[in-house]
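Annotated features, as they stand in TrEMBL:
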- GLU126, ASP166, LEU168, ASP169, ASP292: Mg(2+) binding site (BINDING)
Amino acid sequence: MAPMGIRLSPLGMAVFCLLGLGVLYHLYSGFLAGRFAAFVLGEPEAARGGAGAVDLRELLAVCVEAAARGGAEVRRVREGDDLHEQAKGKTREGAEEKLTSGDLLSNRRMFHLLRAAFPGVQINSEEHVDATEQETVSWDRNIPEDIMKIVQSKEVPAESVTVWIDPLDATQEYTEDLRQYVTTMVCVAVDGKPVIGVIHKPFSAYTAWAMVDGGSNIKARSSYNEKTPRIIVSRSHAGKVEQVARQTFGNKTVIIPAGGAGYKVLALLDVPEKNQEEADVYIHVTYIKKWDICAGNAVLRALGGHMTTLSGEEISYTGSDGNEGGLIASINVDHKALIEKLPNLEKTSHK
């Protein structure tokens, strides 16, 4: 009831209410419209980068799709013999690094798909991508059946997530048409620890994926032979490793020179492909970029294996994009004992 002597005008009250509604509409219409549109489209809060949470099962599904789409570009360029090969620079050892259209087009496809699906997540990619490029890339929000059956939904803070993209692993071998070594890879690290790994082989369409404490579509082999261990190494580093390895394990040690970090990790696992070599240990004795090894590290961790520096230190996937001190990777082996047997390799990595 109005105070005595004051009469409220119905018209004035109506105008006041309308003005209030107008202010509220101006302040919140955009927010409500966005929420309504997201609800209609079925977009989760994590994918919009709105609530700061990311569902790792959804991110795994996008990573698998990104690796396949990138692989399709890699295959198309190679089969069309349209590489436009050029020199990107030199490695620390003085070897020439190659860059092709396959690297760039794969990178572009993978980056934009991941950025569109999870705009609030940090993405580190081997090749430069202009994030302001206007390219329409969409994810149909479909989670493959094998992932749905095995992996449970799990949310983590978006700010804790870093995605590492390797759009074409084994570029040197790619230019030489050694197709079996080529992979496309995506890795997800949470607080610097690799938790999702995807390794895709473009020329056979085989994809391995794994999530730490989540499941995988690949298994480890259990055929380690201590008397004649098989050690897989980079083609360019085989000589460095061979002498030390034979001194440690004996003259029957088998050294397998190969291209691509992704291929070498798959050699430790049960891969149903005829042209995939098998090894017991993967060793790299020089500096290596994190996008080369993150996916393989995650896959091994998920299956109970290990990938560390040659001195046994865990590799963190935050900060700089390079890993010093080489690496040693194994599964179903006493990793610590393995490191202790190879003390001279850590010194070799710094030469």
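Residue positions begin at 1 at the first shown residue.
Glycine too: its Cβ is placed from the backbone N, Cα and C atoms.
The structure displayed is predicted, hence computed values, not measured ones.
One residue stands out among the binding-site residues ASP166, ASP169, ASP292 for having the most other Cβ atoms within 10 Å of its Cβ: ASP166. For GLU126 (Mg(2+) binding site), the Cβ neighbour count at a 10 Å cut-off comes to 23, with all displayed protein chains included.
Residues ILE165, PRO167, ALA170, THR171, THR183, THR184, MET185, ALA261, GLY262, LYS289, TRP291 surround the recorded Mg(2+) site, their Cβ atoms falling within 8 Å of the Cβ centroid of GLU126, ASP166, LEU168, ASP169, ASP292, which are themselves excluded.
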